[in-house]
Amino acid sequence: MGQSGGMLQGKVQKWPALPRAFISFLCFFFLPSNKVLDAYIMALETELYELLGIAPDASEAEIKKAYRRKAMEHHPDKNINDPEAAVKFQEIGAAYEILSDSQTRHIYDTHGMEGLSGKGSSATGLDEIFEQFFGGGAGPSFAFNFGHGPKRRKGEDTIVPYDVTLEDLYNGKSVRLNMEKEVPCSTCKGSGAKGAAKPKTCFNCSGKGWTFVQTQIAPNQLGTSRAPCRECKGTGELLKDKDRCKKCKGSKTVKDKVRQEIFVEKGMTDRQRIVLAGAGDQEEPDVPAGDVIIQLKAKPHEAFERSGNDLLTRVKITLSEALTGFSRILVTHLDGRGVRVSSPRNKIIKPDETIILRGEGMPIHKHPDEKGDLYVVLALEMPSDSWLDAVDKQALASLLPPKKQDIEPLPNQVDDAAFEEVDLAEFGEGNEDDWLDDDDDDEYSSAPPKMLIH
C-alpha cells in the first residue's frame, strides 16, 4: 500500500468511532486510486482474518489451511485446562464459515460486520453473524453474544393441532382448550437450586448450553455445526443432586394448567395458524413466554369439498327432473339453511352436468360478507327395474326420442351375445394370470431363435 494509504489506515484505527459512510466519503476525495480505497475498506475490519492469523488478501487455500491449523491448536480436547480454548475454537469456526464462502467474504471485505448483519450503521460485531451461520434450529428466539453463549429473547413456541369441521370454518367457532405450560418454579425462583445453593457453569460448554462438533461433509473436508452440550443437556449449568430444588427437582420449571379461548374465524383454511402470544412456555424468569400456535386441521366432509373459497357438492336428480326440469331445495348448506334452485325451461339436463351457484361458497377470511361459489354436479339417478312394471312401455316409448337403428356390419357376419351386468372394476382382471399359465404350458420364449451353423 502506498504512503498515503498507510497514513490513512493509521488514522482510521485511531478514530474507530467515525461512521463508515463518512470515512468512505473522505476516501473518495483523498485517496489516489480505487485500489487504495479497496485496500482501506478491507483493512477497516480485519477481525476475522486476525482470528485465523492470515492477511486480508489470503487465498482460499490459505484460509482453509489456516483454519485447520488454528482449529487444531485451540481444540478444547487439547486444551482441557484452558477454559478460553472452547471460546476461541468457536470463534475460529465462525470466522472460517464466513471467509470460506466467496459471497459472504466479499460482503465482509466491503461492508464489514454491519453488511453481514443487515442492520445498517449498527455494527454489532460477530454476535448476530454467529446467529445467522450457526443458529440452526434456534431460530429467532435466540440472540447470540459471540463467545458468551446464547441468550433467549423468548420462550419456545408450542404448536397444538386442532381438528375442525367444514361447518366450523364456514360459521366460525369459539372454543376453550385446557392446556399445560412450563413456568418458572416459584420455590427456587427458576434457579433449580434449593436454599443458598447455586448451580455451577458447565465446564464442557462454558455455560453456553451447546458445543461445536465437526462432521465430514465431503471427502477430506470437515464442517462445523452446533449441538446441545452432552454434559449439561443444553442448560449450560451443572447442579449436584443434593442441591436440587425439591419442587422442580432442578428443572427450574413446573407445569401450570391454563384454560385458553380460541376463535376460529369464518373462512379460515386447513393448516392455518392461530397465534396466542405469550401463552406458551416460560423457561426462565427474565425471558418472556413463548407463543401457543393453534394449527387447524380440517376434517374431510361427507357432502362438500373445498378448494380455496369455492365449494363442490354432488346432488342426485331423477330422470323426470332431467327431462322436465325442477324447482326445489337442492342443497342443505353448511349453516343449515336450504338453497332452492330452479332449472331453466325447456332444458334437458345431461348426466353429471355441473352448475354454479354464485356467492354460495365459503366466506372469505377477514371479509365474511363476501363468499366464493358453490359448484353442483347433477348426478342422474335412473329409476329401478320395477318402475317399468307400472308403466305402459309403448306409451312411454312414444313420448321419448326414437330408438337407435342397427349399425351396418359385414354381410352375413352377426353373432348374438348375452346381456350381463358387471362391475367395471373387473375390467382387465385375470388376463395376466391367464397369459402366465399359457406361458408355462407352451414354454413360450420371446428370445430370438438360435442359428445352428453346420
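Sequential numbering from 1, following the chain as shown.
Positions of Cβ are set from backbone N, Cα and C atoms, glycine also.
Note: TrEMBL annotation is automatic and uncurated.
Which of 131-157, 428-454 counts as region 'Disordered' depends on TrEMBL, and there it is 428-454. Sorting the domain 'J' (47-112) by DSSP state (H, G, I as helix; E, B as strand; all else coil) yields 50 helix, 0 strand, 16 coil.
Taken through DSSP, the zinc finger (172-257) splits into 3 helix, 40 strand, 43 coil.
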